[in-house]
């Protein structure tokens with residue numbers, strides 16, 4: 001199991017990007033959350049099996065049909081939050 005935090009920048013608000021992220025996460029059995037930030041970015045935290053999480057993050061980096069991801073900063077977190085599901089916050 002691994003736990004990641006990511007900040008995604010680009011055209012990621014107002015284009016259904018959080019719903020895209022949630023759908024990808026749920027389809028892959030990931031746990032965590034995604035939300036818009038006040039700065040116009042999208043933030044997420046995700047937990048799951050290592051390869052599944054890494055594949056999920058690659059898909060998020062590619063973006064949805066209506067989004068345009070220009071940057072994605074990621075960090076692996078040392079502790080687990082034991083999320084129950086994957087939800088959209090805020």
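The first residue you see is number 1, and the count goes up from there.
Heads up, the Cβ atoms here are built off N, Cα and C, so glycines get one too.
Residues or ranges marked as domain 'Acylphosphatase-like' in Swiss-Prot (evidence: sequence analysis): 3-90.
Close to residue 18 (active site) in the fold, though at least 6 residues off in sequence, lie 34, 35, 36, 42, 88, each with a CB less than 8 Å from its CB. What Swiss-Prot lists as active site is 18 (among others).
Per Swiss-Prot, active site is recorded for 36 (among others).
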Counting across all protein chains, other CB atoms within 10 angstroms of the CB of residue 36 (active site) number 17
